[in-house]
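TrEMBL annotations:
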type	residues	note
DOMAIN	20-203	domain 'Glucose-6-phosphate dehydrogenase NAD-binding'
BINDING	Arg57, Lys164	NADP(+) binding site
BINDING	His194, Lys198, Glu232, Asp251, Lys356, Lys361	substrate binding site
DOMAIN	205-504	domain 'Glucose-6-phosphate dehydrogenase C-terminal'
ACT_SITE	His256	active site, proton acceptor
Amino acid sequence: MTPLHPHQPPHQKPDACAFVIFGVTGDLTHRLVLPSLYNLAAGNLLPDRFCIVGIARKGMSSEQLRVNLMEGLRKYATRPVEDEIAQRLLQCVTAIEADPKEPDSFDQLKERLEKLEAARETHGNRLFYLATPPAAFAPIAQQLGRVGLLKEDGKAWRRLVVEKPFGTDLASAKKLNDQLLELVTEHQIYRIDHYLGKETVQNILVLRFANGMFEPIWNRHHIDHVQITVEEKLGVGTRGSFYDATGALRDMVPNHLFQLLSLVAMEPPARFDAHTVRSEKAEVLSAIQPLSEQEALLNSVRGQYKAGLVGDTELPDYRNTKDVSADSATETYAALKLTIDNWRWAGVPFYLRTGKALGAKRTEVAIKFRQAPFAMFSCTPIDTLAENYLVIGIEPTQSITLQFNTKIPGPTIRTDGVQMKFNYKDYFQAEPATGYETLIYDCMIGDNILFQRADSVEAGWKAVEPFIEAWKKAGRDGLHTYEAGSEGPKAAADLLARDGRSWRKLA
Ligand SMILES: NC(=O)C1=CN([C@@H]2O[C@H](COP(=O)(O)OP(=O)(O)OC[C@H]3O[C@@H](n4cnc5c(N)ncnc54)[C@H](OP(=O)(O)O)[C@@H]3O)[C@@H](O)[C@H]2O)C=CC1
Ligand SMILES: O=C1O[C@H](COP(=O)(O)O)[C@@H](O)[C@H](O)[C@H]1O
């Protein structure tokens, strides 16, 4: 199958620039950033004049860094590595030492970077990618600011890419926003959420706003409720110390699940530009109904996994995982019921669930439409009709599915539920990618539509605060358990059952 209009305008080439990576020796750089730069290079989407500056705190020669990055590329590239492309990319790499704890090192960084920029003719355009632990984000930005590397001068742009997690609660997110906004303006900040790099997530905008048929029914009059599901088979693995201090809610909800929620629930933007789109997203997040802690407890379920089999893999009890406290009350599963206070969504629940060590990997948004109001077919009582769903599949398949009732062939009217499914891969042959390519490309062309703005981040944290606080106070009271490899705690089903609803089953 082919799309109707296969010929699309070519992508624009980014401006000449220096791509400066703090944390160049780290996992993220090797696993995602370099493979994405490689994929962009393979697609001829890197600037013609370009340099990559890798910052490590302790000395590393450029030659060592290139070898190190090449090893990473071989391990994590999403497609076979062609030597010519890899060499072209690695020739752009220079290592420089800088440590925010040693301010002088940033004066030296400035001097070396400016020389390199002159030699590479990158016109002073700079992108600083903070691929370090979050505690280093503000200190690094402050040093860059102090030596004047972040100041835009009218001709050259300066951008700061900030990784996740952006804060651990509302107060810390606000503090980090304040610290960064003292140094740069909002348009210079690119807060990454890798969910926005996913094709099917971006496609929610196209599905809703490039088609005339969905918007008229995209409201409380036609939609019964929305389910957002992000289920993982992976346990906590080697990330025990990070995860035990974080939990499923903080790790996934204010960022990834709220990105999905805001794209599904936002009002139609008047223009496809960063200001307008991000304003609508922030608006809908700030319309999430504020809950008291008591209400938060009533409208949520949290669980922690016990030992079990996920596929062929035996997972230990969460509490027996390395670096996890033996009496941990941290949730590895969270389900919430939220409502949005506006005319479009009043009375339409948004049920969100996410968890680790579950039986299947599934990320989807399921929009459940209201049932037909009256049972005309006597053979099919209204409550036996199949549910009308529009399902946006993000993982494991990238798809859009419409579920509806149809007549079973035969002399009498009998009905059954069927599914009409659009699979991305049936229409579009995309090269396997990390999901970071679009985001990195957008940083280079200066498009922050797909990045979180300060107000959205804060609105997200604000909406989950009552849950964080209530769960902290409750400790292990009310913390359910579930077997690894199962569907999660039974109480998550009860959260919907008491509203006469149920989670969509895996097809
Ligand atoms: N790894 C992943 O798959 C993902 C990671 N992220 C986020 O990306 C960021 C980096 O993660 P990851 O690469 O896994 O982390 P790592 O711990 O692997 O590495 C980060 C690098 O940062 C440098 N670093 C560590 N501490 C400091 C410091 N205090 N000041 C300056 N530099 C420091 C280190 O390099 P050196 O010692 O050479 O200076 C280190 O190699 C984190 O914010 C993480 O949450 C987000 C999504 C996925
Ligand atoms: O940011 C994170 O996301 C991953 C899940 O990402 P996905 O693209 O595989 O859905 C999650 O495993 C991790 O704990 C979290 O930090």
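Here the Cβ of each residue, glycine as well, is placed from N, Cα and C on the backbone.
Annotations in TrEMBL come from automatic prediction, not curation.
Features per TrEMBL, on structure.
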residue: Arg57; record: NADP(+) binding site; contacts (Cβ under 8 Å, 6+ apart): Glu97, Ala98, Asp99
residue: Lys164; record: NADP(+) binding site; contacts (Cβ under 8 Å, 6+ apart): Pro134, Arg191, Ile192, Asp193, His194, Asn255
residue: Lys198; record: substrate binding site; contacts (Cβ under 8 Å, 6+ apart): Ile394, Gly435
residue: Glu232; record: substrate binding site; contacts (Cβ under 8 Å, 6+ apart): Thr354, Gly355, Lys356, Ala357, Leu358, Lys361
residue: Asp251; record: substrate binding site; contacts (Cβ under 8 Å, 6+ apart): Pro165, Tyr243
residue: His256; record: active site, proton acceptor; contacts (Cβ under 8 Å, 6+ apart): Asp193, His194, Tyr195, Val230, Thr354
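With a cut-off of under 6 Å between the Cβ and any atom of ligand 2, the binding-site residues Arg57, Lys198, Asp251, Lys356, Lys361 reduce to Asp251. Taking a Cβ distance under 6 Å to any atom of ligand 1 as the criterion, the binding-site residues Arg57, Lys164, Lys361 reduce to Arg57, Lys164. Most Cβ neighbours within 10 Å among the binding-site residues His194, Lys356, Lys361: this distinction goes to Lys356. Here substrate is bound by His194, Lys198, Glu232, Asp251, Lys356, Lys361 per the record. The longest Cα to Cα distance in that group is 20 Å. When secondary structure is read from DSSP and collapsed to three states, Arg57 (NADP(+) binding site) falls in the coil class.
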